[in-house]
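All remarks here apply to the structure that follows.
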Amino acid sequence: MAPRARRRGLLPALLALCALFTALQVTFQVTSPCTSDRHYEHLGRCCSRCEPGKYMSSKCTTTSDSVCLPCGPDEYLDTWNEEDKCLLHKVCDTGKALVAVDPGNRTAPRRCACTAGYHWSQDCECCRRNAECAPGFGAQHPLQLNMDTVCRPCHVGYFSDAFSSTDKCKPWTNCTILGKTEEHPGTEKSDVVCSSSLPSRKPPKEHRIYLPSLIILLLFISVALVAVVVFGVYHRKKGKALTADLWHWINDVCSHLSGNKET
Ligand SMILES: *[C@@H]1O[C@H](CO)[C@@H](O)[C@H](O)[C@H]1NC(C)=O
Ligand SMILES: *[C@@H]1O[C@H](CO)[C@@H](O)[C@H](O)[C@H]1NC(C)=O
């Protein structure tokens, strides 16, 4: 066999093979619906898969198609499948700060999300408490459910004086509207302090000093009275003159005190 003769015979053979392949491919596609994701091949046959919400209790036979049965109450399958059982819905554990945002059904899985104030963390695969913004910073609104807090510094005219994962920066008080003047300017961490035009602070201040002194006075008087009674009991006879003296002294003190009160 000469090499030339070999090449001459090879080319038509290759072309014929190519034609055969394309023809086969076409006929295969036309005759076999098993390329669809709703079918599968079994025992040389093309059979139906089970629709979402059902599982395959038995595969097809040469004479019958697959048998599909619905998933149980807490189960699902979300694809056209050949599964021999359904998947169990996951539990949204409230103890792990999870809540069901979609209860799920036979055709869709239950979806859990973190409760308000928590966000999903990839690191621990758990819900983490949202960060708190330090004074001088406010939480960006609208708050995103299942997302960590985004803290932004307060702009001029606004302040935040506490740690919070939800509060925005609050506007400074406008003293002019309140009919007062600004005593201290506001900062990003503190409100403006308005000067009070009326001396409304004095009465409570006087009251604060007056009340403790009155209590001390009453205590002193009661101690003195008890002393007098005890003294009187032990020295009923001999103490008569002494008690009279004491009564006289108490009267003096009382009249002196009442005189003080009046002024
Ligand atoms: C199942 O839940 C999915 C997702 O919420 C929804 O699109 C679908 O209509 C529900 N199916 C039934 C039968 O309720
Ligand atoms: C306070 O309110 C008045 C009247 O609305 C306004 O003219 C003024 O600019 C405000 N002052 C501040 C400091 O915001």
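Cβ coordinates are placed from backbone N, Cα and C, and glycine is handled just like the others.
There are 19 other Cβ atoms within 10 Å of the Cβ belonging to Cys60 (disulfide bond). For the recorded site, Cys60 (disulfide bond), the DSSP three-state label reads coil. Residues or ranges marked as disulfide bond by TrEMBL: Cys47-Cys60 (among others).
Contacts of Cys50 (disulfide bond) defined by a Cβ separation under 8 A and a same-chain sequence distance of 6+ are given as Met56, Ser66, Cys68, Leu77, Trp80, Asn81, Glu82, Glu83, in order along the sequence. As annotated by TrEMBL, disulfide bond applies to Cys50-Cys68 (among others).
For the domain 'TNFR-Cys' (33-68), the list of distant contacts is 76-86, 105-107: same-chain residues at least six beyond its ends, Cβ to Cβ under 8 Å. The feature domain 'TNFR-Cys' is assigned by TrEMBL to 33-68.
Annotation comment: TrEMBL describes 33-68 as repeat 'TNFR-Cys'.
Annotation source TrEMBL lists signal peptide at 1-29.
Per TrEMBL, the feature transmembrane segment maps to 209-234.
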For this session: Over the span of the repeat 'TNFR-Cys' (33-68), count residues by DSSP class, listing helix, strand and coil in order.
Result: 3 helix, 16 strand, 17 coil
